[in-house]
């Protein structure tokens, strides 16, 4: 007589789900068919069908590192399951994690993931990226990855803000700070509903990733120390990415709200609220010598930009030993901008370069087919009467840059729009940079 293996027998006879490796202390695996049990642990979600769900133990205190449990849970839930991080619980991550093996997995974050603030450890143990000397606690990769829930991903950034005060990230950064969430070689990754809090550096960085979507995510970086504000805590950044969708976002970070970096294409942004940011920026690109960078096919609509340094911005590097490329086919539509230093900006003298050096070594990034449509609000007056500052590089092609129905005011007087070295006009009256007082 043929006997089924015990795991198959139990599954067939009793519907019991058998873990792929032995359970670790505090863990649980609930079959998708156990509706009542899933409901009891908080694993059901109105938008997503039930799946086999894995839970792990929560941290007992701020020093109780559950990194190995978290990694185990992801491996158990991989290939069709779900990892649940329970509401009201905190899961402390104190070791770097390579999560680039994921395939068809859901992470339901209802509690809080919190990283330790051991600066010495993280600066010695991280994943390093040459681009702007970036590091991260962990990296996510694979395909068909969904992260959703009402929980918090907490970078525990206050100690990093305090230690970093007075230092500079570009170009001479030596004080590396981790990125809160990084994807690398990922395809079809979505994040929905969660809060991302107090990243030490950029909040999100997508690298070599296709089809990334964020919806209804709140990103916030704040300091409890008035002398050490968060720095370089961009909301969203990308490098070598095709296919981006950011919808219904609230971002309050003190740096770029959204800033696609080199070779990001096919971007859709809708219903984004940005407070205290450096704006929705295309770039910077053209930083590295001999490299061609592209940002192309971008549609941004229904965005509110409040109390920021910049509003709608395009930025490209100038100077010796920089690169080249293009920013092409970008639409900013239905944008409200209030109390912002520079509401509309084309900056081709980026980064930290004086006017003499920029004139000697101008940017080689072409800016083409840019539309600013239905833009209204006010500047802060910090740049005088200027509400739009579009100064193109004499060594670049700048054409088909259009302002349509732009109604921006300045508290310093009649609003001025600056434009230089743009071929064919911009659709409205503008003056040369040399004729204005800043």
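Using N, Cα and C of the backbone, Cβ positions are placed for all residues, glycine too.
What you see is a predicted model, and the numbers here were worked out from it, not measured in a lab.
The active site, proton donor annotation in Swiss-Prot covers 255. Sequence-distant neighbours of residue 255 (active site, proton donor) (same chain, 6+ apart, CB under 8 A from its CB) are 230, 231, 232, 233, 234, 235, 277, 278.
Secondary structure at residue 278 (active site), taken from DSSP and collapsed to helix, strand or coil, is coil. Taken from Swiss-Prot, the feature active site applies to 278, supported by similarity to another entry.
The disulfide bond annotation in Swiss-Prot covers 257-274 (among others) and is backed by similarity to another entry. The Cβ of residue 257 (disulfide bond) lies under 8 Å from the Cβ of 234, 235, 236, 251, 272, 274, 277, 278, 279, 280, 281, 305, 308, each of these being in the same chain and 6 or more residues away along the sequence. Under the three-state DSSP scheme, residue 257 (disulfide bond) falls in the coil class.
Taken from Swiss-Prot, the feature disulfide bond covers 392-398 (among others), and the record attributes it to similarity to another entry. Taking a C-beta cut-off of under 8 Å and a sequence gap of six or more, residue 398 (disulfide bond) has these contacts in its own chain: 346, 366, 367, 368, 392, 421, 422, 423.
Taken from Swiss-Prot, the feature N-linked glycosylation site applies to 118 (among others). Taking the Cβ of residue 118 (N-linked glycosylation site) as reference, residues of its chain lying under 8 Å away and at least six apart in sequence are, in sequence order, 94.
Look at Swiss-Prot and you will find 185 (among others) tagged as N-linked glycosylation site. Cβ neighbour count for residue 185 (N-linked glycosylation site): 15 (other Cβ atoms within 10 Å of its Cβ, all protein chains included).
Per Swiss-Prot, the feature N-linked glycosylation site maps to 225 (among others). Other Cβ atoms within 10 Å of the Cβ of residue 225 (N-linked glycosylation site) number 11 in total over all chains. A coil conformation is recorded for residue 225 (N-linked glycosylation site) in the three-state DSSP classification, outside any helix or strand.
According to Swiss-Prot, the N-linked glycosylation site annotation covers 263 (among others). Other C-beta atoms found within 10 angstroms of the C-beta of residue 263 (N-linked glycosylation site) number 19, with every protein chain shown included.
The annotation N-linked glycosylation site is assigned in Swiss-Prot to 275 (among others) on the grounds of sequence analysis.
DSSP gives residue 302 (N-linked glycosylation site) a strand state. Other Cβ atoms within 10 Å of the Cβ of residue 302 (N-linked glycosylation site) number 16 in total over all chains. What Swiss-Prot records for 302 (among others) is N-linked glycosylation site, and it gives sequence analysis as the kind of evidence.
Residues or ranges marked as N-linked glycosylation site in Swiss-Prot (evidence: sequence analysis): 329 (among others). Counting every protein chain shown, the Cβ of residue 329 (N-linked glycosylation site) has 17 other Cβ atoms within 10 Å.
Per Swiss-Prot, N-linked glycosylation site is recorded for 354 (among others), and the stated evidence type is sequence analysis. For residue 354 (N-linked glycosylation site), the number of other Cβ atoms no farther than 10 Å from its own Cβ, over all displayed protein chains, is 10.
As annotated by Swiss-Prot, N-linked glycosylation site applies to 366 (among others), with the evidence given as sequence analysis. Following the DSSP three-state reduction, the secondary structure of residue 366 (N-linked glycosylation site) is strand. All protein chains included, residue 366 (N-linked glycosylation site) registers 19 other Cβ atoms within 10 Å of its own Cβ.
In the three-state DSSP classification, residue 400 (N-linked glycosylation site) falls within a strand. Residues or ranges marked as N-linked glycosylation site in Swiss-Prot: 400 (among others).
Swiss-Prot lists 407 (among others) with the feature N-linked glycosylation site. Following the DSSP three-state reduction, the secondary structure of residue 407 (N-linked glycosylation site) is strand.
The annotation repeat 'PbH1 1' is assigned in Swiss-Prot to 209-248. Predicted-model confidence for the repeat 'PbH1 1' (209-248) is 98, expressed as mean pLDDT.
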- Candidate nearest residue 263 (N-linked glycosylation site) in space, where candidates are the glycosylation sites 275, 329, 354, 400 and distance is Cα-Cα: 329
- Message: Please report the Cα separation of residue 302 (N-linked glycosylation site) and residue 275 (N-linked glycosylation site) in Å, rounded to an integer.
- Response: 14
- Looking only at 275, 400, 407, the glycosylation sites on record, which one has the least crowded Cβ, with the fewest other Cβ atoms within 10 Å? 407
- Task: Provide, as an integer number of angstrom, the distance between the C-alpha atoms of residue 354 (N-linked glycosylation site) and residue 329 (N-linked glycosylation site).
- Result: 29
- Task: Work through the glycosylation sites one by one (225, 275, 329, 400, 407) and name whichever has its CA nearest to the CA of residue 185 (N-linked glycosylation site).
- Result: 329
- Task: With DSSP as the reference, give the number of residues of the repeat 'PbH1 3' (327-348) in helix, strand and coil.
- Result: 0 helix, 21 strand, 1 coil
